[in-house]
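According to Swiss-Prot:
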| type | residues | note |
| --- | --- | --- |
| COMPBIAS | 12-25 | compositional bias 'Low complexity' |
| COMPBIAS | 65-85 | compositional bias 'Low complexity' |
| REGION | 1-25 | region 'Disordered' |
| REGION | 59-87 | region 'Disordered' |
| TRANSMEM | 124-144 | transmembrane segment |
| TRANSMEM | 152-172 | transmembrane segment |
| TRANSMEM | 182-202 | transmembrane segment |
| TRANSMEM | 205-225 | transmembrane segment |
| TRANSMEM | 250-270 | transmembrane segment |
């Protein structure tokens with residue numbers, strides 16, 4: 001019984017002490033709030049001050065953002081400059097490499113593609129027919145030239161016909177030896193040479209330019225008309241370089257060029273087809 005009474009007394013003391021502590025803490029909090037409110041009432045802050053403070057904060061934040069942006073831009077510019085420099089270096093090295101390879105490939109062409117593509121040597125029969133056909137063709141022109149043409153102050157035999165003899169009698173199967181190329185090649189080249197002679201030579205123009213222009217234009221015209229015949233370039237040059245008065249104007253186109261080319265064609269038709277292994281022409285036009 002005594003123990004129970006003791007426990008009751010102790011419990012009542014603890015409860016009374018706890019209630020006292022709670023009331024004291026509540027009073028302390030109230031006093032702190034009142035002091036804070038009194039201090040806040042003493043501070044006089046206007047709306048303008050608040051706005052100015054907000055602006056300062058915003059400007060400070062914007063300044064930091066601008067600084068960050070500037071730093072980022074500078075870094076980006078540096079990176080771009082570095083990338084541009086690297087790209088320029090790559091382009092320069094690539095250009096040097098391309099030039100180097102072009103030079104190497106260019107001089108490799110001087111070495112040729114190999115002896116395996118060289119045409120075989122013709123047999124004795126083919127060589128014999130080439131000699132006979134070329135001898136006959138030039139002989140016919142020479143006879144007409146020295147026996148008939150000179151007496152009439154005409155010319156039938158010129159140097160470019162010797163080059164034509166090599167083609168139409170030496171390689172009669174070549175596209176350059178066919179009748180279209182033989183006739184049109186000489187004819188067009190003679191026209192070009194005559195025009196250049198009249199336009200430049202007889203107007204006291206540059207004679208060197210006239211020679212080069214006659215040959216180059218004749219080659220271009222033959223290629224354009226698919227009638228390329230290498231001796232035609234010589235025909236154009238002879239036309240420009242001739243000093244005989246009878247060559248003045250366009251008479252040179254018909255005599256000796258067109259007439260001589262027809263005589264060469266007739267000789268090729270007769271002699272080439274006598275050969276067992278030859279058939280001329282492959283086509284006419």
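Just so you know, glycine gets a Cβ as well, placed from its N, Cα and C.
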Six or more residues beyond either end and a Cβ under 8 Å away: which residues meet both conditions relative to the transmembrane segment (152-172)?
130, 133-134, 137-138, 141-142, 144-146, 182, 186, 229-232, 234-235, 238, 244, 246, 255-257, 259-261, 263-265, 268, 271-272, 278, 280-281
How about long-range neighbours of the transmembrane segment (182-202): same chain, 6 or more residues beyond its ends, C-beta under 8 Å?
160, 164, 167-168, 209-210, 213-214, 217-218, 221-222, 225, 227-233, 235-240, 242, 247-250, 252-253, 257-258, 260-262, 264-265
